[in-house]
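Only one structure is covered here, and it is reproduced in the block below.
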Amino acid sequence: MHCERFLCILRIIGTTLFGVSLLLGITAAYIVGYQFIQTDNYYFSFGLYGAFLASHLIIQSLFAFLEHRKMKKSLETPIKLNKTVALCIAAYQEDPDYLRKCLQSVKRLTYPGIKVVMVIDGNSEDDLYMMDIFSEVMGRDKSATYIWKNNFHEKGPGETDESHKESSQHVTQLVLSNKSICIMQKWGGKREVMYTAFRALGRSVDYVQVCDSDTMLDPASSVEMVKVLEEDPMVGGVGGDVQILNKYDSWISFLSSVRYWMAFNIERACQSYFGCVQCISGPLGMYRNSLLHEFVEDWYNQEFMGNQCSFGDDRHLTNRVLSLGYATKYTARSKCLTETPIEYLRWLNQQTRWSKSYFREWLYNAMWFHKHHLWMTYEAIITGFFPFFLIATVIQLFYRGKIWNILLFLLTVQLVGLIKSSFASCLRGNIVMVFMSLYSVLYMSSLLPAKMFAIATINKAGWGTSGRKTIVVNFIGLIPVSVWFTILLGGVIFTIYKESKRPFSESKQTVLIVGTLLYACYWVMLLTLYVVLINKCGRRKKGQQYDMVLDV
């Protein structure tokens, strides 16, 4: 016992020293600015900090590639599918078409005897359509429904403690005695909905799968996640490959689709290699039920800065699994399609909310770095502090008073994006990933300021993405973007003022013209390819019935 405690202390000290040393090393490399390659007049340079970031991308991609190879090799052996599984669907003001497609995909799941529990966040007349769709698709004679005036933590109007206890027991009994059931309950947020399903199921099943009501599951999705959990008893949770259902509806949803592929099949695949996936996404995840009930109350009652948390439910659920020392994995063999915002403002609000949960959960995550591979500490430091270094770099370049610095920055952003997307195209075997380089512009212009705004308002939970039946537009997300653009515009004006006071040399003019032409040609080429792709694939997908998950 004392030996284990001593080893734990050593691991805590070791991971802390590693993390601090890594951060100090990166900061020193950034401040010193040592250059390996440097041309006359500083038209091009490549330094220590740039070399470190390039090495990170290469190493991350290598481990992702190795994890994909491991998925193909280790999971070919069939296993017995004799464990019980329950699928929990969280629904809130869902678009009727998406909900119907979700439930139709649930009926096609190939895992034997899977139990389906859908909990609707809201019990008003406006929410009844979701229950009607559930009964229609799942079969009125094969499913049960119940309108609950309460939820497990709040009483409805006119309820007493005794009647609330009785109704809670009734809901639990309904869930346990029916293979398919839909419950409408008093509004309380997604975490409340998930808690109802977890609490009512109790320990009656071996594995619990989570799913959102806008998600279409591949028939084999449950089977493939069970395989991962069955293969290693120390894996506590597993997530699958989330793809975009409405990718051709707008430029935002299209860029999100390529970003999703990169996030899951490069970043999370790399994390999976070391058993430390930091977020099992809500649309497609599975957990060991025995673990779930070790922390479900702590998960529900999570507080941050004195307030109960109302977002970041899936990330904190993953964090709780990691806190127990269990591994979290990703499998590309389990797939689903899910909806993503098609309007810029709704996307921005979604990203800000996700960024809030990321930075909040980063702090929780740091408490159990010592329980996992050093890669978990390494990646948390890199991804957590990268936005700050990037903002410092952008402001520095824009306010140096040299127009070439601004142009070089724009070219570098696209070049790095193009290199990364080219590798992804090879790994995926699909040229569409080349558009990932366009996402870098969206990241620099919108996501970067959204991350800073998320930190500044991390304890504010009053807004985010809305239900899909009624889209609510929130303009608050434009505040950080407007401030960011004002800062950049100030740098451009300052640069123009400084450059106007000194004549351009012939070599400088040549470099600027060549750089501008390269940048313009890049955009013309990518935008042309985008128009061609949308015209070709968008029409083909329009009105198509999704019988299975497609990777297009």
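Positions of Cβ are set from backbone N, Cα and C atoms, glycine also.
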Pick from Ser180, Ser221, Ser272: which does Swiss-Prot describe as O-linked glycosylation site? Ser221
Per Swiss-Prot, Arg11 and Lys508 on one membrane face: yes
If I look at Swiss-Prot, which residue among Thr110, Thr145, Thr172, Thr510 would I find recorded as phosphothreonine? Thr110
Listed as phosphothreonine by Swiss-Prot, one of Thr16, Thr215, Thr328, Thr495: Thr328
Out of Lys70, Lys190, Lys498, Lys508, report back the residue that Swiss-Prot marks as ubiquitin cross-link. Lys190
Non-local Cβ contacts of Lys190 (ubiquitin cross-link) (under 8 Å, 6 or more apart, same chain)? Ala90, Tyr92, Asp121, Gly282, Phe311, Asp313
Between the transmembrane segment (476-496) and the transmembrane segment (12-32), are there at least three Cβ pairs closer than 8 Å, leaving out pairs fewer than 6 positions apart? no
Of Thr110, Ser221, which of the recorded positions has the most Cβ neighbours inside 10 Å? Ser221
C-beta crowding around Thr328 (phosphothreonine), within 10 angstroms: 26
If you count Cβ pairs under 8 Å, which stretch among 12-32, 403-423, 430-450, 511-531 touches the transmembrane segment (375-395) the most? 12-32
Residue list, the topological domain 'Cytoplasmic' (424-429) vs rest of chain: Cβ under 8 Å, 6 or more residues beyond ends. 61, 64-65, 68, 258, 261-262, 265-266, 436, 551
Averaged pLDDT, computed only over the residues in the topological domain 'Extracellular' (532-552): 58
Rounding to whole Å, the Cα atoms of Thr110 (phosphothreonine) and Ser221 (O-linked glycosylation site) are apart by 8
